[in-house]
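If you check TrEMBL, you get these features:
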type: BINDING; residues: 13, 16, 111; note: substrate binding site
type: SITE; residues: 68; note: site 'Important for catalysis'
């Protein structure tokens, strides 16, 4: 984490939010503090020190932080506790699963489920469905695990997940039993290699990424620039024809060029994040009590936001002469629609 990464994430978040109906701005932040090897007290003290500087920029009408790489429910709890102590009241939304102190019970699922719903919309436009398709996933954090979970409910066949040491491949595909095992392994902060003790037919490849494995759809959920020139060629060779960006800007510039020439359909992260953006925005609206929502209400709301974002992006592409059949139409349409919304706001309000 550095200032350059924070700027890129803030810019990308601004474009993501500009694609939604709510017309929020965007921001991003973080720290180069490394929690590995630190005690819980050290992590708590750091979170409190961080919030000492951050709290004046947060509030129900201002901004709210969310979980991300290295920041889970524990860290959000520490951050919220210090925010409450400094601000003197119980308000604002710190997105996380601990609904008894703040935020939505579905917030962590929203982004992951939304990515799968977005894939379903893209495939529907191609007269295809997720059922029976082999899916390669990178990462094994919250978003990746929720993508895996929702793919199973859509009867797709996820075959890979990865961590910092390599990737896990199960040619038979993961099922709910295997998903539960992976989730437990990650909850105990153990290596995915532990999976092989229970399912020895699977394989774990050290110091590699999963993009060489045969698949129909790729879900890069790990980090920015995780797919370079070589990995893009592997994706094409694997038979993959649809790539759903889950992490921010997972492909390098060279990888994008290669995927474009091979006519791989790419759904950009600024559009695919519609589910997480929608629930985050609803949390800012005091009229909505997400704690009272059923799972069906929650999923319907995400699907509605995903469909609107997809339609808005495709409409913008067509208005600017980009044909629907063009594999890049969604990328161009999302960029155009987001840019025009921001440009209009700056024209109306001035550069403030």
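For all residues, glycine too, the Cβ spot is worked out from N, Cα and C.
Other than 13, 16, 111, the residues of this chain whose Cβ falls within 8 Å of the Cβ centroid of the substrate site are, in sequence order, 12, 17, 26, 248, 269, 270, 273, 276, 277, 280. Residue 13 (substrate binding site) has a Cβ environment of 20 other Cβ atoms inside 10 Å. A Cα-Cα distance of 16 Å separates residue 16 (substrate binding site) from residue 68 (site 'Important for catalysis'). Here the Cα atom of residue 13 (substrate binding site) is found 13 Å from that of residue 68 (site 'Important for catalysis'). The number of other CB atoms found within 10 A of the CB of residue 111 (substrate binding site), across every protein chain shown, is 26. Here the C-alpha separation of residue 68 (site 'Important for catalysis') and residue 111 (substrate binding site) works out to 11 Å.
Around the Cβ of residue 16 (substrate binding site), a 10 Å sphere holds 25 further Cβ atoms from the protein chains shown.
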